Amino acid sequence: MGNTVAREDFEWVYTDQPHADRRKEILAKHPEIKALMKPDYNLIWVVVLMVLAQLTAFYLVKDLDWKWVVFWAYVFGSCISHSMTLAIHEISHNSAFGNSKAMWNRWFGIFANLPLGLPYSISFKRYHMDHHRYLGGDGIDVDIPTNFEGWFFCTRFRKFIWIVLQPFFYAIRPLCINPKPITRLEIINLSAQLAFDVVIYYLWGVKSIFYMLAGSVLGLGLHPISGHFIAEHYMFLKGHETYSYYGPLNLLTFNVGYHNEHHDFPNIPGKSLPLVKKIAAEYYDNLPQYNSWIKVLYDFVMDDTISPYSRMKRQLKGEVKQD
């Protein structure tokens, strides 16, 4: 099962996150990057095609043997589902219709959420904005694991189980760390999702529902794409808070691997983040980076010095404004 890891608490830091200062420096030196701060309208059509692809899959699996339903849920459904969560991530930054049409993005996020089976989009938006504003903020940033996760998932076997159960921790953690009042849009998100699930069950039966839900759970758990959860902010190198990944899975994830670039410029769509890296190469080329999310998952499990505690955490000062 491996040995207990050495770390027994988070890495507490008493400095601000680096992204705001680096953004100012880069914009002063490369003002042309401002031209990339515009919506990615192609995102709309990509999301529509992904929803149609999953609807087609729901129909095709309805009469398959259960073993094939499970097979396709992991091989195809999980990839589409995880990719859709990252499309919703893009939409949460208003990348589909722009900041001037914020509500259009919220409604479109609810639409993109439908083939995932569980309501997600509106709540994710609220918590994700906190993650950007208050990266590592104690009691605010719910991307930071709980103390229980850090304490319990401290052996190789337990860290493996933690990876498998990632979607459950991401769903439950906000309720433990930073519960927020339910909003009208979240109720609409839930109602639309339940109505969609009922229609799918009525039309095509339990196998289609199982395929939908299993694909979401499997895609966000033990899956190559899920390496990004750990690659983004887990501290494999002391003193480095955010890491980028420049491998081929960016093609399926709206370039979420360009994570330093994304935190520096959250209002630039994923499509344009490679251009940010190219323009401001002197700021990014020497930062720690990954070329394999699978290796990140393997190293996280096998390295006894890495655990859910391997995150930078900061005590926030001054006024905290949340969505």
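Using N, Cα and C of the backbone, Cβ positions are placed for all residues, glycine too.
TrEMBL annotations: computationally assigned, not manually curated.
As recorded in TrEMBL, the features of this protein are as follows:
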- 5-43: domain 'Sphingolipid delta4-desaturase N-terminal' (DOMAIN)
- 43-61: transmembrane segment (TRANSMEM)
- 68-87: transmembrane segment (TRANSMEM)
- 107-124: transmembrane segment (TRANSMEM)
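Counting residue by residue with DSSP, the domain 'Sphingolipid delta4-desaturase N-terminal' (5-43) contains 19 helix, 3 strand, 17 coil. Through the fold, the transmembrane segment (107-124) approaches residues 44, 47, 50-51, 54-55, 58, 80-81, 84-85, 87-89, 91-92, 96-97, 171, 174, 183, 185-186, 188-190, 192-193, 196-197, 209, 212-213, 216 of its own chain, all at least 6 residues removed from its boundaries and within a Cβ separation under 8 Å.
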